[in-house]
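A.B. asks: Got a structure for you, questions after.
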């Protein structure tokens, strides 16, 4: 119902229009207009032009994102590659960075006075590049999208690669196939479901990447820019499938293809020595990818230590002397409103993730272990909900919350977050594979109630998968910008994403606030990074690969 009602209401509103009857002071009523609203929208030249710009942005960002994700996933899956755990986690880290903060970080890195690239160019006597104007604009915006999305897609592809039977690789190696031939003829064809899934998610993310009114820092004049990776939970829903999950068996174990060496295949040792030498290049490529994704995060750490005067006058990655003063100024800004925003984020993300995980567990178990009329319809509706951009539901959800008198309250953010279609889908797939049907039937024969079976048998077995669902939903709600931006008008109810957006806009007229925004951005992403590192031991790498098969 949380999916069908908003969608149905949106369709209803799309064919209705408010019209007055009885002159200027008449009563305004909803009137059925059929397809008039659609015709008017498609005839709007501004809409057509924006769709064209969106198409150009998608043509640049989607192939780059998926191409790099596929490359990194294939390199991670190679035997003998060094530092894979570090590279995988580093490339995935941008998933934990809200879109508002990602736009802020890259906005400063694009400015000539804070860009390390411009510093190097000026050092060798070349002019600085204006990344936010002219022919560089689309590339600059696409770069933010690639940075934010490559780790997400890489994890989906990597988990799918880990589910491919090792016997296929061993047979190919015995036949003399090289790693390139194995990748081209075995791995990539078998990755088709993952490639389709990541392509759909990337298109959805692109379709919701509408230009925002956020601004870049002044130096000293204002320069307006737009974030292509609009801060929305489409990252949360998509991301959802892309947790940087680790299986209970980590990369420390010998790679599956190493079994050939132990079998004593003729000629394996010299070839293995040559292959070991060639692993240097994949390791270097992965490290380059890790450096690329870590640059903005390292920048925000060093920039947060700089005073207002040092921010635009020192090299980007040289620490400053103003961290504690920036922290004090942020804590005292408007009576400590930043910590109210942080508390709200914790409430929305923590409460919403817990409730969503419980609902996902119950719904997933019911769909996996009960046979009832309409089960297939419910499951298909959930799949459709996974593919819907959040903007499709957010606006009708706002109208429904306004009708219920819940708009501009915490409930307006919490209630839509409880139902997570992708979380239910993952819980269903995990319950099908982990909860033995024979055990459930035996408990029923022993007289156990359905509720007790769920709590005593299903829930303990599903805990690893539910931790993954909780993590994905927590990060998604914490990073959500669009829903609270639409639902809330009281600044005291804002989460960090919306609050930092407000702070950035105020910085347009008061550049001194940029130091506060940078420190606030750092503090906003630290809890997510720590949570990811702490919980990754419990994540199930095979949960996503199982969902791909499902």
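Yeah, the Cβs are placed from backbone N, Cα and C, and that goes for glycine too.
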A.B. asks: Can you check which of 453-478, 479-504 TrEMBL lists as transmembrane segment?
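C.D. replies: Spelled out, TrEMBL records transmembrane segment over residues 453-478, not the other listed ranges.
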A.B. asks: Can you work out which residues elsewhere in the same chain, 6+ from the ends of the transmembrane segment (512-535), have a Cβ less than 8 Å from its Cβ atoms?
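C.D. replies: Residues packing against the transmembrane segment (512-535) from afar: 89, 92-93, 96-98, 101, 104-105, 108, 217, 244, 297, 300-301, 303-304, 306-308, 311, 322-323, 326-327, 329-330, 333, 338, 342, 345, 467, 471, 474-475, 478-479, 496-497, 499-500, 503-504, 506.
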A.B. asks: Of the stretches 54-77, 280-301, 453-478, which racks up the most C-beta pairs under 8 Å with the transmembrane segment (346-368)?
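C.D. replies: So the stretch in question is 453-478.
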